Amino acid sequence: MSVLKLKAVAPSTDNDNPSDAAKKQIIDLGNASEVIYIQRFIPFDQSWKWFHYLDKHIPWTRPTIRVFGKSCVQPRDTCYVATPGLTELTYSGYQPRAYSWDEYPPLKDILDAVHKALPGSSFNSLLLNRYKGGNDYVGWHADDEKLYGPTPEIASVSFGCEREFILKKRPPKKSSDVDGSDEPAKKRLKNNDADQHSFTLKHGSLLVMRGYTQRDWIHSVPKRAKAEATRINLTFRHVL
Ligand SMILES: O=C(O)CCC(=O)C(=O)O
């Protein structure tokens, strides 16, 4: 399957350097789904400071989860932070303990930067992932848990080693669900360029998924043999 090359649109207003500003991309996925990618969201040196803080101070854990009915160790480290009183998060049969924002002040600084970049957003929870090398990954999934509602906005900040993030249109459940056209099912089910988008998530970048992205698309960070160094990813979410 080929991967769509994305062109830069709408310059970032938060960035004074025009060559940096051109790195903001807005990708209309169709059907009211959208992705925004800002390559240089947090300055390089500040991003390393936060990387080292998070690597050292976050209480990382590698839990046992259930995938397709089987128990396995999650192939990356994780931690969960949330405002007290929210509905608890459960994914893949695992309910993470919710740590407090106050315990890790830099998380509030990163949250402030994200809120500033996304007017109207109000994130109250954060799932952190640490990939300790190219064998760590996250498989195909959508962040479609009920507690986020039907159209969650998810803001993802990356630090450290660059990794590929792939978005793929959810395959239709049955060929009869597709559209009722007369085209042969085989032809209709063939993926085309617009069905997959790939981003190399840079140190200090921000990627935002909006609208119906979690309903209509799935995403993954696949294994990459050459990605030897550690990557830390923060996904800010709003629990309803
Ligand atoms: O590490 C990433 O960029 C993606 C993380 C992710 O998919 C998730 O937390 O649901």
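Glycine is treated like the rest: Cβ placed from N, Cα and C.
Those TrEMBL annotations? Automatic predictions, nothing curated.
What TrEMBL says about this protein:
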BINDING   PHE68, GLY69, LYS70, ASP144  substrate binding site
DOMAIN    122-240  domain 'Fe2OG dioxygenase'
BINDING   ASN129, TYR131, HIS141, HIS219, ARG231, THR235, ARG237  2-oxoglutarate binding site
COMPBIAS  183-194  compositional bias 'Basic and acidic residues'
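Look at the domain 'Fe2OG dioxygenase' (122-240): DSSP puts its residues at 18 helix, 50 strand, 51 coil. Those residues noted as binding 2-oxoglutarate (ASN129, TYR131, HIS141, HIS219, ARG231, THR235, ARG237) have their most widely separated CA atoms at a distance of 20 Å. Within the set of binding-site residues GLY69, TYR131, ASP144, no residue has a CB atom less than 6 Å from any atom of ligand 1. Most Cβ neighbours within 10 Å among the binding-site residues LYS70, HIS141: this distinction goes to HIS141. Between ASP144 (substrate binding site) and ASN129 (2-oxoglutarate binding site), the C-alpha separation comes to 18 Å. Taking the binding-site residues PHE68, TYR131 in turn and counting surrounding C-beta atoms within 10 angstroms, the largest count is reached at TYR131.
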